[in-house]
Every structure is written in C-alpha cells, then in structure tokens.
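The structure appears below as structure tokens.
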Amino acid sequence: MARAEANWERLVRAALRGERLVGAYGQPVTGIAGNVPSSLGAGNVHIEEVLRAADEIQDEEPTVARILCEHAYALAQNLDPNSEGRGVLQFKTGLMSVIRQKLAKRDGGAIDRSQDIAKLQEFYKLYREKHKVDELIADEAKLRESAVFSGNLGELERKTLKRKKVLATLKVLWSVIEDLTKEISPEDAEKLISEEMKKVMQNDAARTEDVVAYNIIPLDALSTTTNAIVNFPEVRAAISALQYHRDLPRLPGTFSVPDARNSDMLDLLQCVFGFQEGNVKNQREHIVHLLANEQSRLGKLSGNEPKIDEGAVHAVFIKSLDNYIKWCNYLPIRPVWDSTDSLTKEKKLLFICLYYLMWGEAANVRFLPEGLCYIFHRLAGELEEILRKHTAEPAESCIFKDGVSFLDQVIYPLYEIVAAEAANSKDGRAAHSEWRNYDDFNEFFWSLNCFNLGWPWKLNNPFFSKPSRKDKGLLGRNHHYGKTSFVEHRTFFHLYHSFHRLWIFLIMMFQGLTIIAFNNGSFNTKTVLQLLSLGPTYVAMKFIESLLDILMMYGAYSTSRGSAITRVLWRFCWFTVASLVICYLYVKALQDGTGSPIFKIYVFVISAYAGVQMIISLLTTIPCCHGLTEACHRWAVVRLVKWMHQEQNYVGRGMHESALDYIKYVTFWIVILAAKFSFTYFLQIQPLVKPTRTIISFRGLQYAWHDFVSKNNHNAITILCLWAPVVSIYLLDIHVFYTVLSAIYGFLLGARDRLGEIRSVEAVHRFFEKFPEAFMDKLHVPVPKRKQLLSSAQHTELNKFDASRFAPFWNEIVRNLREEDYINNAELELLLMPRNDVGLPIVQWPLFLLASKVFLAKDIAIDCKDSQDELWLRISKDEYMQYAVVECFYSIQYILKSILHDEGCLWVERIFSGIRESISKNNIQNDLHFAKLPNVIAKLVAVLGILRGTAESGDLKKGAVNAIQDLYEVVHHEVLSVDMSGNIEDWTRINRARAEGRLFNNLQWPNKPELKDLIKRLYSLLTIKESAANVPKNLEARRRLQFFTNSLFMQMPVARPVSEMFSFSVFTPYYSEIVLYSMSELQKKNEDGITTLFYLQKIYPDEWSNFLTRINRDENTAESDLFGNPSEELELRLWASYRGQTLARTVRGMMYYRKALMLQSYLERMQSEDLEASAGSADIHFELSPEARGQAGLKFTYVVTCQIYGIQKGEGKPEAADIALLMQRNEALRVAYIDVVESVKNGKPSKEYYSKLVKADIHGKDKEIYSIKLPGNPKLGEGKPENQNHAIVFTRGNAVQTIDMNQDNYFEEALKMRNLLEEFSLKRGKHFPSILGVREHVFTGSVSSLASFMSNQETSFVTLGQRILANPLKVRMHYGHPDVFDRIFHITRGGISKASRVINISEDIYAGFNSTLRQGSITHHEYIQVGKGRDVGLNQIALFEGKVAGGNGEQVLSRDIYRLGQLFDFFRMLSFYVTTVGFYFCTMLTVLTVYIFLYGKTYLALSGVGESIQNRADILQNTALNTALNTQFLFQIGVFTAVPMILGFILEYGVLTAFVQFLTMQFQLCSVFFTFSLGTRTHYFGRTILHGGAKYKATGRGFVVRHIKFAENYRIYSRSHFVKGMEVALLLVIFLAYGFNNGGAVGYILLSISSWFMALSWLFAPYIFNPSGFEWQKIVEDFRDWTNWLFYRGGIGVKGEESWEAWWEEELVHIYTTRGRILETILSLRFFIFQYGVVYHMDASNTDTSLLMVIVYGALKWPGSEMVILSLQVYWISWAVLGGLLFLLLVFGLNPKAMVHFQLFLRLVKSIALLMVLAGLVVAIVVTNLSVTDVFASILAFVPTGWGILSIAVAWKPIVKKLGLWKTVRSIARLYDAAMGMIIFIPIAICSWFPFISTFQTRLLYNQAFSRGLEISLILAGNNPNAGM
C-alpha cells in the first residue's frame, strides 16, 4: 500500500502541483481535479467538480472527501467501463490509489457504506451553518441594491464570490447525495433525507447559476442569476421572442427541456434536425445577443414584459440571410418563402435560428457559404413541411439508425469528400490542378447542377467521388472529379491572364511612343500608317488572352458550367478570326498604299471595332452608365455582349463605385500615367533612336568570338542589349511613379485629416485646455446640460462642465500608464486632473501644466515696476501661469473659509474682498508688497503641510492654528496694507477675537476627500519649483498621449451611448507561441552570459525603476531579491512579458476595451441618475459596478482560439498553465480550443474532435461552456484560418476585430472603439463598409536598428500607404490585423479568411478579396491605433518577408486575383495591380533589370562588338551613340520607394526630426538592409511561381541579442542571396576585365556602382547585421562550426543544421516536377556564355595545336567550314580542359574507405594524375601563348560553366542517380559551397582583426537603444564572469 501511495504521489500529484492550473494570485492549485481525461466526454466536467469539492474539504472532513472520490470513480467507471479512452486507465488507477490512501489514514474499523448518505447530509448542514448561507445571500442582496451609490462595490464583489464558491460546493454535495439515493430503495431514501432538508438542498442548488456554465447570458439560470445582464429590457425581450408559441408543432414527450427555462424555437429545431446540445446552447445565446443588440440600436424598451421590435427582427433576418437571398436570385430559384413582406416575425426568427444552428455545426463546411445556402434551402423546405404537422417529427435528411443527427447525415458526407481532396494535396506538394480546394467545392453550388446532389445527399453523385492515387504500372487513374470553373496552374502567364488589359495598354503605348520617336515626333501620313499597326497588336494580344483562357481552364472542362466553356471557346474563335483578318488587312494595306480600298476597309474595321469596344467599356465602367445597362439587362443582345465582355460569376457583380470616387481615382491615375509616359518618351525612348539607327546601319562589325546570329540581321543582339533594360524599366516604373504620387497625395490627405498636429509633449502642454471640449465633442455622448450651456454662452461654466466630464477619463488613462510602468508615482500625481467638483469658479488643470508657474509669477511680480495692467499682461502671456495664479487665489480663500469659522472666516472674507477692491481700483501694487510674497508663500506652505496630514490630532490642530496665526502676522504686518475704514464693525470683531486669542481656535479639521485633495493640490502648487515641461519623460508614454490628444481633433463619427453602440468581439488565433515568460526563460543566459531580463532592464531602465517602485521595492533592488516571492515573481514575469511579443501582452491590451466600456457605461448611468456623483466615484468603483459589467459583457467578447490548448493541458505544458492564469486574471476572456478524444472502438483506435469554449471558474479552473463535436480533424487546410474557423462560432456581436497574438492595445484608444464601430452605419461611397481598417503602431522599433528599419517600413505602409488604398483608390484589402469586420456579413460569406492548402498561405488578404468581390467596402481610419510587434532580427525578418513573398506568388495563381483583375474597371485594376502582386513583380523586375543590364554589357564585352562600335563612334564623332553605349544605370528604385517613409516622417514628426531620422537610418546602413530585402522578395516570389513550396514559416518573436553562427546564416541565405550576389559580382568582374569603357576607372565606377552595392549587400548584410559579427573569438568559433557542418556526411534522420549533405538535399526539395526541371535547365543555360566568351580573349587562343581540330576539319569539308572550325577550336579545347579537370576531381575525390584494399594503387593514380597536370601546364606554357592571366581567365570561364552543369544535374536528380553520378555531383556541389563560403568568410575574418570595426558594428546595430540609455557594451561583452578570461 505504501508503494502504491508513493507511486501515485510521484507520478500524478507532483505533475499537477503547479504546472497545470494556477490560482488567482499565481499560486498552484493542488489536487487531482484537473487531471480528468477529456476522453470521458461531457461527464468529465461533473467528475472534475466532485473532485474539486473533495480537494477543498479534504482537511475539514476527510471521510466526506473519500466518499466524493469514490463517487467520482463510479462516474468514471460508468462512462468508460473498459477504460478505452486515452488516459482513463491511468486516471482510474491514480484515483483508486488516492481513495486507498484516504482509507489508510482513517481510524481502524470497517466502512459502513450505508452511512455515506447520512455523513454527506450531516456535513452539508455543518458546512451550510459554518458559512451562514442564508445570511450571506441576504447581505449580498442588500449590497446589490445600495452598493453603486454607497461606493461599497468592492464588498459586494467579495460577497458574491464567496456566495458562489459556497453554493458551488453545496451543489456538488447535493448532486452526490441525489446520485447515491438512486442506488437504494425510495423508502430508505425518504428515511435518510427529510422533506425539509431536501427542499433546502434543492433551493440551494437552484441559486447556483455559476455552476450552470454560461458564456455571457445565463439563459439556463434566468430566475436565480445575479448577473445584471438578464435584467436589461432588450435581453429579456430577445429571450421572450424566441419562446415556444402555439403555432409551432408540439415537442414529443421524449424531448426534455431544463426546468430552469421554458422551451423555445431552438428546442424545436434540435428535435427536428438533431443539432448538438452544445451547438444549440451556443446559438441560443448568439441569437439572443444579436436580437438584443439590434433592439438597443432602435431605442430602449419599457414595461415589465418588453417585446422585441419588428424592425430589430427584420434587420437581423436581412443581415443573416442576405447571402441566401442573393444566391436564390442568381440561380435563379425562389427562396423558401414567397416574399419577405409576407413573413411573420416568428417565422423570421425561426429561419434565423435554423440558419445559425446549421452554420454553428457546419465545421469546415463554413468555408462553403453557397454550400450552406443550399443546405439551408433544403432544411427550410423540410421545416415548412414539419410545421404543418401537430407534433414535431425528425427530418428525413437527418435520420439514421441510431437517431437524428445533422452532423452525421448532412455535414459529415460533405466534410469527408473535402478531407479526401485535402489529403490528395500531399501536404501542399501536389499541383493545385490535381485536387479540389474549398473554392472548387463552393463554386459547384453556383449553378443549378448542385440540385442534382439531391436531398438527402445522393452519395453516388460524382461530386462525392473521392480521388484515387496514381498506381505505378498502370496507364491511367480512376475517376477524379475535376476542378470547378478555375484551375490554379503554376505559371507566370497568370500575370498576363489576370491583368491582360494592363499589359495590352503598356505594350501598345510603348509601340506608339516608339513609332512617334522614330518619326522624330512628327505626325505625317507615314506616322499615322505606322500607328495603325496598333490594331494587329491589340487583336494579337487579345488572341493570346483567349488562348490562355483555354489553356488555363484545362482540368475543369468536365465540371464547369456549359456557358463558361462556350464563352471561352467563342472568344477564342472570335479573336483568332479577328487577328487573322486584321493582320491580313494591315499587311495588304501596307503593300497597296494608303489610297487603296483595302486600306479604307482596314481603317473602317479598326475604327468600328475600337468604337464598339469603347462604348462597351464606358457602359460597363462609368458609374452613371451602370443604371442604363442594368435597365437593359433583359435585352438578349445586352446580356450577350456583357457575357462576352466579362465573366459572369456569383461573385464579382456590382463592384463599381460611386461617380465621385470614380472621378478621384481616374484623375489620380491620369496624372501618374502622364508622368510615366513623359518619362518614357523623353528620357528612355528618344535618346536611343539615333544610336539604334546607327548600329543598324553598321556592316562588318568585328566580333571577338564566332557569332552565329548577329552577322546578317542588323546587329539584333546588340540592339537588344541596348533596349532590354529600357523595356524592363518601362514595365516596372509604373510602380515607382505610383509610389511617389501616392506618397505626396497621402501626405496631403494626412495633413487634411490633421495628423501630426500634436507631435511633441510641448504641444500636449500647449493645447491641453482645448482637450476637454474636443473630448466632449468626439468621445462623449451628448449631454443635455451641455447643450444648455452652449446655447446660453456660459463659457466659464461650460469649460468647467467639460473638464469635470473629461477628468475621469484622463485620470484613468494616466493611471493605466502608471500600471504599465511608463510613468512613476511623481509623474502620476502631476498628470492627474482634479475632478473640478469643488466650489471653485475656475477650471483646475493638471499640475504638470501649472508646476513652478506660481514661483515664476512671484518673480515677475517682485521684479515688475510697471502698472498693474502691465504686470497682469506679463503673467497672462503664459496662460497656465495665469491659471495657476487665479487657482491659488480661489483655492486659498476656499480652504481657509472651509476650515475657519466665525471671526476667522470673517477675516478671510475681509482680506480677499480687500484684495479684490484693490484690483478693481488698479492699486494692487501700492496695497500689496510683492517683495514679501515669499514670506506669505512660506507661511501658507506651513499651514497646508499640517492640514494635508492623514488623521486629525490635537497636536496637529494646535500646530495648524499657530501656523495660521503666523500667516495672519505676515499678511497684516508685511504684505497687505489694509484699509479698515470701510468695514469698521467687522474689523472690530476680528481684532477683539485676536486680542482674546480665539480668532483661529475654532478650526475645523478638513476631513472631506474633496477638500483634502484641494489642500494637497495647493500644497504642490506652492512647493513644486521644478518645471514639468518634460513630463512624462518616457518616450512611449509621450507618444501615446500625443496620438490620443491629436486624435481628439480628427474627424470621427459621434459616439452613441454604450447601451446603443454596435457590439463586437475580438478574436486572436494562438498556436504555441510564448504566453508568459517563465522565470527560467528570463534567467537563461545566451553564449555571452546575457539573460533576457538583463537585456530588458538595459533597454527599459526607467520602466524597470517604475516597476520596482510599483511593487513597493527600492529602485536599486537587484532582480535576484525578487526571486522566491511568488507574487513578486509573477509581477516580474508579467512585466517582462508585457515588453515582448507575448499572448499576455495582447490579452491585457484587448481587455482594455472592456475596461473602457465599463467606465463609459458607468459614467453614462451615473450622469443620467445623479450628475454630481458621477465624477466623484468613477475613478474607484466603475470596474465593480454590476450594471457596467453587464453592459460591457453585452457589447464586448474576447475569444482566444488556442488550437492545441487541450493537448498542452494533457502534456502539462507551461503554456497551458499560463493561459489558465490569463483566464483567471481576466474574467471576460474566453479560450476556444480543439479537444482530441482518443478511445478504442471495436478494438481499433479512434479519434473524435470537439470544438470547446472554456472560461475560468470561481475556483481558478477551466469551466467548459460549450462543446461541439466536429466531423473530423478540422485542420484540412492552412493552420491559422482553420483555427479561426472552428472558434468563430463562439464570437458575438455585429463586428469582430482580428488581432494577432503579437499585438497590443491601449486604454485611451479603447475609448474610441464605439466611434469606430459607428463607421459601419455610414456609407463611404456606394456601399456600407464591410471591413474597417485600423492604423497600427509598431512597438518593436526601439529594440535595434533592424527593428527600426522594419518598424518604419511597416508604419509607412499601415498609415500613408493604406490611407491611399482606401481613398481615393478603393482597393484597400485586409492585411491581417487589426481590421474590424462586419461579422454577420463575413460569417455568412465564408468567414474572415480562406484556408485552402498553400494557395491561401497568405490567408488574411483573401478576406479582403472575398469582401470586395461580394460587394463589400473596405475603409481605413487613422484616429484610432493598435500596437503591433514586428520581427527584430535579420533572420526573422527574412523568414517573414519570404513567407509574404511566397504568399504573393501563390496569389498570382489564385482565382481571386484573376477575378478582381478582370472585373475591376481599368483604373481601379491599375491600383489593385500595383498594390498587390504587382509590387512583388516590379520588385523582381528591378533585380532582373540589373541582370539584363549586366548580361547586355557582358555580351558587348565578350563578343567584342562593344569595342568595335565604340571605335566607330569615336571615328564618326557620334556622341549619341557614345552616350547610349555608356548609359549609367543610376535609375534606382530604392531612392523613390523611400519617399513615402520620408513624407510620413515629415507629416507626423516635423521636417527637422524627419531629416535627422532619415539621416540616422542612412548611417545605420538602412540602404543595405532594404537592398537585401529586395533580394529576399525576389527569390521567394519567383521561386514560388516557378516551383511552389510556399509555406508558413514560424519566425520567432523573441529578443534577438544572440550571435548567429556563420554556418546558420550561410544555410539561410546561400541560394536566395549569396549565389545571386556571386553571379552579379562575376558579371561585373568580367565587364571590368573585358569591357571597353572610354571613361576609364571613373566611368566604370559610375556605370557599375549600384550593381556592386547590390552584390555586396546580398553577400555581407547577414554578417553586418549579426550581433558580435566581427569579434575575433566568435569568428574562430564560427569557422570551426562551419567546417564541421560542411564536411559532416550526415545520414538518415540528420537535419540540415547538422550536416551540409542533409541541408543540400533539403534545398533541392522544391524541384520535383518535370515542368520545374525544364525551367531550371533553361535558366541554367545562361552560365555557359561565360566560357564561350572568355576563352576567345585568352592569349593562348591565337595558336592552334589541337589534333582534334585537324581531324574534325578533315572530316567536315563543307563550304565555309574552315572558318567555323578555326573559330570554334578554342571553345572545344576549353571543354576538353574542363573535362580533364572534372576527371581529376573524380580521381582526387575517390573515397579511401571504398578502396581500402587498393590504397597503394590509389596513391599511384593520384600521383600520376598530379604529375600529368603539372606536365600539361608546362607544355601549354612552352608550346602555346598561355599566360598567367589566362589561368585567371580560365577560372572566370570554368566556374560558371561548372555551376551551370551542377544546376542542370541537380534539376534532373533521378536521371543522374540512375547514371551513378550523384556522388560526384554532390562532391562538386560541396566544393562550390566551400569556395563560396570562403570568399564571404575571408573579408569578415580580416575585418574582425580590427577591434574598432566590432565597436562600430555594435553602435550601428543598437544605436536607438543607446539613445535610451542602453549600455550595449555590457550586453555584448556579457554580464558573464568568464568574459574577461
């Protein structure tokens, strides 16, 4: 027994002691309640409750605890008698061990089981009496009635929590008693439990609504709940509206409804269709929530039994079923109802319930919105039939042998085929054309063919046929159902296919401009005739488009609609004929001349065709013409033309914008196009006209090599070399011009919107007095009293009123800054604003505005010798000095009058009336001796210093009287000349009292909080001598206050009361990222001995000091002093986590929404009931108000979808404990996760998947709210969207904000959320918004220079960039976060992202595509911001940019891009192109332009034609030709793309700050970073389109301070940057060696400097931006690590980071298709040009000693063969030499292990080979003209050739392996990588010799951190005791 107990304690209890669940204060929750396996199903919740109660009462009554454990065991046994579920056997074994342990501790004697019930009952009584349950409930009820106004909300909260805990335990005891009584006879049960006791227990159980799990509204405990939300009239009305009514069929007797509520419509639907219980509960609350919020928008309901408004029901009905109605109209079919007007309110509600119940259980099928429309249509039809019956019957479609199940019968068949197709994608490696994705399935329901699926499903329909894998040896494959309407073939042709109008336009414009330029700009007959060649160009390109239509649809012909196939074929035929006819007519017209009939026919045909096209385009694109085309839609000819012109799908209809918006973006693009074409004509085309003509005219140019193609075709390749870069720039510069103009326009828009007006803390100080008025206008609901004050022009009262309403909000903002440790306690006191609720006739401003102003005013008064008016004018120049003086005057009077009585009070009145009289007589300087003011201030400070004490005492009171007497003396004898003649009686009384010593004796101690605060404030005003001009000091606090106060002056919708605002959810997907830093993570040291905590302390020194002060520690406390104290450790973990990119930071930020809503709701309620009480108590009690919490709960929900939380809990992961901790700290936080229940069924392992929602209960444990079974594994596509999809059913409200787990929010921004949500009710153009874009602030910018670059780049896009996209361009999409979605719009149209494997890798942007295609509108708003973290290390950034670029590569292939490119009008299409895939294509073209330019120069150099032309140009003195040949490639894209960033800086920070910031970035080598990023985007974008392979890359979001090893950087960047950088460098070297440049060295430098910069950036940026990248010791270690990695052979299971061979194999994975191999081969052919050109420039090329050439010459004697052979002989010799080198490599690379028995022979062979090489080299030097330079030339020739051969070999890996050459290829590849690594490594090693370089690099990387006090030298030298060794 002892061993069993020990084993259990060790294996179970120890594992649960603290890692699983954490209490409210971070303390472990002990016990075994958290270990109940989820495989026990729904019963595990009850078992957990029983065990939790057992743990709680263990110490109090062990016997009862044992009984509860036994009962839990019995429950587990009943649920799973065979222990088949995962973890059940271990749980039962452990639980039995605990039971035995409890038995062992019991005093001797046998157990009498019959006494268990009696013992439980007895303990129940004792427990109830101990906790005084009845008294507790009564006290809570009393507090609930009075607490809001008594300020006793904290006590109410404590009472409620205690009551819930006690009743929860009693509930468990009663449930166990109830279960045990069922095991005995009823008679025995009655004897054991009296009726009275039974009634008491039942009543107690009925009071425990917290035991009944609920999310927001406790619908199953309405009668007993204390939750204020159910008392809201709109909620009660919504619940009432769903109740069962007499027109519905009766529920069967077998269907049960909980006693706590009445039956309703959802019960009927559950009975009929077999919806799951969890789904029904979830949707019941969801629908009540929707109806209640819609009703609240219409106005408050009155009466005891409020009724829902018809308008509210109709609004929800239309929103929810709008997509279904549109689907019916499109097909066209009739909806299940005849007309919407004929539907009753009850019928609408029934359809709403049916739709949401269906949607809530649809799982992955939710991605098929029109599929859901079909299912709803069928279900609603069945429901109509059932409603006609008297008793509800199960629907035929949902019946199966075991009962009724919507999931099994309707959803599962559809899920099964979707899952089968997803499996066929081979984890995304299969071609998109080989499997159906979500869009394919959904688009099947866009035609009437979907009705062939029948109802119930006809599972034999081909639609449900599963794909079969291709079997080896068979010729074909089994039936595979094709794609639907679109096939995502992997090709660059998609860019042309999707945006053909753009390419046709650009090419025709280029052709036209070139024709004009070659005709010298004159418009004569010849020019016009040549311009008419645009006609054939147009139809030829349209023919290409129609051909692509046919090719791209391959794979979907068998399943697409007939009309779509007909359209494609018809267009192909039409454009084939048109292109042939028009080309024939044009050629004929050229032959016959302009006067011929053919020419006239051609002109007529072209004119007619162009005219018709223009009319059609105008009718389909101009907004004002849309009405005409829609009106004529019934005409067959109109429908035919529209059908031919544009594809007609369900999506993409009606996307046109309003006329005003159209004019704006057309004008925008006309300006861009005018600039672009002017640049093209005057600076690109025109300068090349004359040189082109000259080169064409040249004959007999001398070539250095044998030229095959350029001898007799007018030097075509030379012309191509000149024009190719121009054409490339022409195609990409549209993005450059867009960037520049959009930056300028965005700057002007931002200035118009008043961005950046408050850009410094000085501006905050200067404009502060305007903030209350602006706040009341924008962020506060209208107040009647304020309107009266406005109308009556009572400015002083109005200002005071505004300030009193503004103060609670401002103070809460400031307090939150203190809680976040951005300000210290002193700054908090300075920033807090008085409530302005005391009787002063002025506005009291915060002390930070008035600090030291009194002393400045005193000095002015003492120094001033002028008049009173002049003195006041000098003081009034500083408004806040004036306010300080006036406030001191009134405050002194108010305080003294409040504490003094009788003669003392009379004295105060006389003194102040005398001062006023003196002022009115303009005689203050004569009556008041200003020189003595310091004495008065000193005496006042003494008085106030005593009065501000906390408690009254006799000594303090006496001291105060003495201090006031001293003040009296100073005032009368030194300062004030008092004229007593006017009030002689008063002064007589005063003097008598003074003489008798009782003038101030009757002092009343200030005990009122308001008066005490005023005394403290006046004391501060009179004692603070330092200026507060720099308060707050923290940069982040400054930034936040600046933005918030600036936003008060920006345009935003007027706020509605919280009760009437739109409701919303915040939705955060989480997988396995950091939730909360653990102590071990914070203390873990890197290789330099630096901990994360140390790093954070150095980066945020002021925040660390503030933190220590907040937890009541000294500022100099060492962090080690905090260890060991659980509460301080938790605070430390939170402090660190709030400065990283953690889930804890995100949750804290998002919960500010709830806090803001509670404050706003509380104040609105208080103001409506008690105007004066509102400001007084808001600062303290608003978070405890039940009504405020209820309103916040109704309007805001936060769901974090932690996909693997269940697995993390099961494995005891710290992340699970941290998530549980977050739930306990945030009562409104909900966590959704997928629970995997493993069991054994019929002897086979089985998995079931459940989508669950949990919250923290009163005991600090998870409480399951809903559990919905899924049809299978929900992860069929991309992880994040699938994670979002399973949990979106748990969100609530009209809107949902998508937030990533590396974001943050701020309380002051949360105050503006209701304003933002009002945007949904405002039309922006033609449509209401469907997505609201929100500005982001990147908070990681201060970590390092790289983080700063990324931050600035991102900030530029999310502000200025998106500002333009939304207005005027109307093409803003959804970029991931933190946009706010119209929730109902999106959940009924496929969700907030798309999830198909690989194609939707950038899942977020597809929500924007989908929204736009479905007639949504996306806006952008910059008066509110959300925090955002970005990657901070180069490797993180590269991985992120690679992921985004790969995602854009996949977007190119997608149907969404195609449809938007086709269906947007031309100018909106241009905007869409340049801001989505066009950006990445232009980025790639930028790099390709460098390649084109350099390869052109290389051709001119190696062929010798460049020098030949140059010589002729010099002879002819042709300067134009000379200029063309030496064109400097200075057109740098990077220069122009920096414009938005610069203008953004200027707008928001000012010109000087912007200039300094931009200059700083240049010194930090930002150009190197951005050039490097250019290569990243190019590589991943191009490779994705060519080969695929895009996938999600976890970048890691930690703090990057560790040194990255050389080998790791090499692995990451070798193929993306290093290879390409080497190629560019090689081209530049060859051009330097063989190119002809008459500008000499300067000319070469100017010509190539930008290319050299790009090459060097790509090669060395990873090491420049690598911490400690130039430290010698690190370099030595890196070299050792790199060589170990390079030469480690590896093997099966070895990872790429361990072995070069494993890494190399991984790098080749993306080349696996025949198409990919061919493309790689074609691209690799470029490397052979080097050898072909270089060998002809060798000195040895003049001698022919080749026997082989003689033989070939003799054998091939055709005419002219002699010249060909003589010119080619050198080239063939070079190949022979290369072959010999490869053979030698093979010999020297022979493995000694493989030839262990032939070692001597192997050495002999190697020696002979070496001697032969040496001999051959000597012979070559002696016999031929081979020189030393030839050796180096050979390297330039053979290295690229070898790389080309290697590239082709790895592309055809299977063939090479069969030939047995793979090991050789691998050896050559290793050699290349070794050489490339050494070329990069050597310069780094040389630099590391010089210590100053390392110092400079450190400064370069961490400059911003230095400016904030970071001692990075400590970090990089290491806080390491071994650092100095």
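From the backbone N, Cα and C atoms, a Cβ is placed for every residue, glycine too.
Heads up, TrEMBL stuff is auto-annotated, nobody curated it.
Looking at the stretches 353-376, 1529-1552, the one that TrEMBL records under the feature transmembrane segment is 1529-1552. By the Cβ criterion (under 8 Å, sequence separation of 6 or more), the transmembrane segment (499-518) is in contact with the transmembrane segment (716-749), since 3+ such pairs are found. Only residues 6 or more beyond the boundaries of the transmembrane segment (1470-1494), in the same chain, are considered here, and those with a CB under 8 A from a CB of the stretch are 495, 499, 502, 665, 669, 724-725, 728-729, 731-732, 734-736, 738, 1361, 1365, 1369-1371, 1373, 1405, 1445, 1448-1449, 1451-1452, 1457, 1460-1461, 1464, 1529, 1533, 1574-1575, 1577-1578, 1581-1582, 1620, 1624, 1627-1628, 1631, 1650-1651, 1654.
Beyond the ends of the transmembrane segment (662-683), by six or more residues, the same chain brings 509-510, 513, 516-517, 622-623, 656, 730, 733-734, 737-738, 741, 745, 1367-1370, 1465, 1467-1468, 1470-1471 to within a C-beta distance below 8 angstroms of the stretch. For the transmembrane segment (1871-1892), the residues of the chain that approach it from at least six positions outside its boundaries are 1606, 1610, 1614, 1618-1619, 1622, 1659-1660, 1663, 1669-1672, 1674-1675, 1679, 1682, 1686, 1700, 1704, 1785, 1842-1843, 1846, judged by C-beta separation under 8 angstroms. Remote same-chain partners of the transmembrane segment (1618-1636), defined as residues 6 or more beyond its termini with a Cβ less than 8 Å from a stretch Cβ, comprise 1487, 1490-1491, 1494-1495, 1497-1498, 1500-1502, 1506-1507, 1510, 1575, 1579, 1610, 1644, 1648, 1651-1652, 1654-1659, 1730, 1733-1734, 1737, 1833, 1836, 1839-1840, 1876, 1879-1880. Helix, strand and coil counts from DSSP across the domain '1,3-beta-glucan synthase component FKS1-like' (346-458) read 78 helix, 5 strand, 30 coil.
Averaged across the domain '1,3-beta-glucan synthase component FKS1-like' (346-458), pLDDT for the predicted model comes to 92.
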